[in-house]
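Structure first, then comments.
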Amino acid sequence: MTSTLRVAFAGTPEFAQIALAAIHQAGFPVVAVLSQPDRPAGRGMQLQASPVTQYAVTHGFAPILQPPSLRRTGKYPQEAAEAIDALTAQRPDVMVVAAYGLILPQEVLDLPRFGCINIHASLLPRWRGAAPIHRAIEAGDAESGITLMQMDAGLDTGDMIAMERVPIGLTDTTGTLHDTLAALGGRMVVEALAKLAQDGKLHATPQPAEGITYAEKIAKDEAALDWSRHAAALLRQVHAFNPFPGASAALDGVAIKFWQAEVLADRPAEAEPGVVLAANAEGVTIACGAGALRVTQLQKPGGKRLPAREFLQGLAIQPGQRFASRG
């Protein structure tokens, strides 16, 4: 399809790039792209463009705007003013925002004729904030989803345009759920833009006043496991922190990351939390506050993710050894 609806896009990571690609492939003219500045990345810490910027460059979108801030009165007033002026010159009808990572001041929210539509990876108002996918898995939620929202000045508080639910499977990680939700978000925003182009408006309803929770940004130190917890809670951590930052625990001073695991209901009553109960081709089984965790994919510093059989060939682990516990 082709459309006269002039779409601006603001986003940074792969989640956003998938939405941008869906909008582009659906035939909507993308008249401006905003993304965060290039950042040092990789072992060489070379400057690297975001997935959104890379897609925009590859497909010839212009202008591509990468201000460090959009606040005229903030730390970077000149960069903010230049970006806002460039965006204004494109006369966007609507701006789609997905995991952009910068605060949009009211001036920017009001700039497009139809405002700004946000793609948020949760069932709002649950898990407003920066890490909704991680937090949903960590909390043991049965489902997640995508909410399209008409943005306002609050933190994910805008009226809801559309919502679709997705079950969270027993083996889902943040990585797998991210991919599912990213594809869903792309489809949903294309449908919303098509409706907006046809009707000239989108119906939106206020978020419920009850059930509000916040998804705080993930801190690296959260990934350290506390073996006094129930094995099921630790499994949720393993899933939630895959692929970032990786659930971990130290064994004799060596930090080991856990990428895949399963819960075993029984363990010897006398086993202290953190003690290795078994280490074989099936996995490394570790006593928890309740039950045990059998870790089936591990990684040592500087190494690759490996199934337990291969990992143990390079780092011997014996029953009776004890993993350090967080806290």
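Any Cβ shown, glycine's included, is placed from N, Cα and C.
Quick caveat, the model's predicted, so the values are computed rather than measured.
Using a 10 Å Cβ-Cβ cutoff, L124 ((6S)-5,6,7,8-tetrahydrofolate binding site) registers 26 neighbours. According to Swiss-Prot, the feature (6S)-5,6,7,8-tetrahydrofolate binding site maps to S122, L123, L124, P125, an assignment based on sequence analysis.
Within the same chain, residues at least six positions away from L123 ((6S)-5,6,7,8-tetrahydrofolate binding site) with a Cβ under 8 Å of its Cβ are E143, S144, G145, T147, M163, R165.
Within 10 Å of the Cβ of P125 ((6S)-5,6,7,8-tetrahydrofolate binding site) there are 19 other Cβ atoms, across all protein chains.
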